[in-house]
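Swiss-Prot annotations:
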- 1-12: compositional bias 'Acidic residues' (COMPBIAS)
- 1-20: region 'Disordered' (REGION)
- 12-70: coiled coil (COILED)
- G192, T193, G194, K195, T196, L197, H331: ATP binding site (BINDING)
- 385-406: region 'Disordered' (REGION)
Amino acid sequence: MTDTVEDVELPYDDSASQQDKLEALEEQLSTLEEENEEMRDRLLDANAENNKYQQKLERLSHENKKLKQSPLFIATVQELTDEGAVIKQHGNNQEALTEVTDELRATLEPGSRVAVNNSLSVVRQLDDEADVRARVMEVDDSPDVGYEDIGGLDDQLREVRETVELPMKDPGLFETVGINPPSGVLLHGPPGTGKTLMAKAVASQTDASFIKMAGSELVHKFIGEGAKLVRDLFQVARDHEPAVVFIDEIDAIASKRTDSKTSGDAEVQRTMMQLLSEMDGFDERGDIRIIAATNRFDMLDRAILRPGRFDRLIEVPHPNVGGREKIFRIHTRAMNVADSVDFGELAADTGDLSGADVKAICTEAGMFAIRDDRTEVRMQDFQSAREKLDQDSEPAAATDVSRTFA
């Protein structure tokens, strides 16, 4: 029921003056306008909330409708004829002749993967079968590492560039000389000497796709999984030629074969045989270069070391004094280092240390400066970092010995 004028409570007394009544009415009008504006804002918020829930309802309804649809089956096109397409279902291997729309026929070819419904009609074409794990190994953006970031490995880096980079940038040079470019390079040496760093640097200097994986990722529990992943890996490389395939810790799948009858060892050997087949099988590898790295060269099977698979066997040793000095300068070029720091003396005092150890010393020296509330790294910080690195390595060595004789 609508209030009448008599029902409305006035904001003033009847005895009030005309001026007081006018001021009271103006004050009430201002209050009502504020309340009206607030209610309008709340209405807009409510409408926005309603639209959001309406969109969510439509999305859930669409998803619910999709979930109620019958699943599609996977099949492979065996042959295209005038009557349609001959397909073979995955799983039961049953073959069938089915109709194909003109739009799909234009893109299909023998070997294409398709999705079919209950009546075996081709609904859509699927991507080529390649293991998802192999696809995620591809690195689209080249690693942000340059040759100037590597110190003490000039000879090794030159050989790697001749094997990987030169055939991609100037293939005509090899044709003129009349030789085939080396197809693979194996980097071996102690941990932390820069094997992976060299592979990243070469990839960053070429326009090739860089595909990196660890050998341990190829070791799987079920029969045939590792070999299938190797095939898929090289198929991805062929699809993205030119390509550089980097296999780290290759000793995980290429160790010396034994007479062991366990299923795990047999699966590893099957994976290695597939790798050998891909490296020098009947199918040409095309413009694909392989870089592998290991710190257990003594464990590798002789079959994988012969020429034609890895044409370059490059040892990556600990850097010498000059190499360590260059590595010190590389890792400190962005640091605020005091003028009194003698990198030549530091290099001479850090014998038999790897490039990774030198980097750890530089980082730890910076931490010592921060601990003393300084922004400048001094010679004493590097010396203290070296002592700390020696102390940290001694318990680890003792633990390894105790585990060996436990």
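Glycine residues also receive a Cβ, built from the backbone N, Cα and C atoms like all the rest.
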Packing count at G192 (ATP binding site) (other Cβ atoms within 10 Å of its Cβ): 19
Neighbouring C-beta atoms (10 Å sphere around the C-beta of K195 (ATP binding site)): 25
Mapped DSSP class for K195 (ATP binding site), helix or strand or coil: helix
Longest CA-CA distance among G192, T193, G194, K195, T196, L197, H331, per record bound to ATP, angstrom: 17
Reduced DSSP assignment, H331 (ATP binding site): helix
T193, T196 as binding-site residues, winner by CB count within 10 A: T193
Distant-in-sequence Cβ neighbours of H331 (ATP binding site), under 8 Å, six or more positions away: V358, K359, C362, T363
Sparsest-packed of the listed binding-site residues (G194, L197) - C-beta count within 10 angstroms: L197
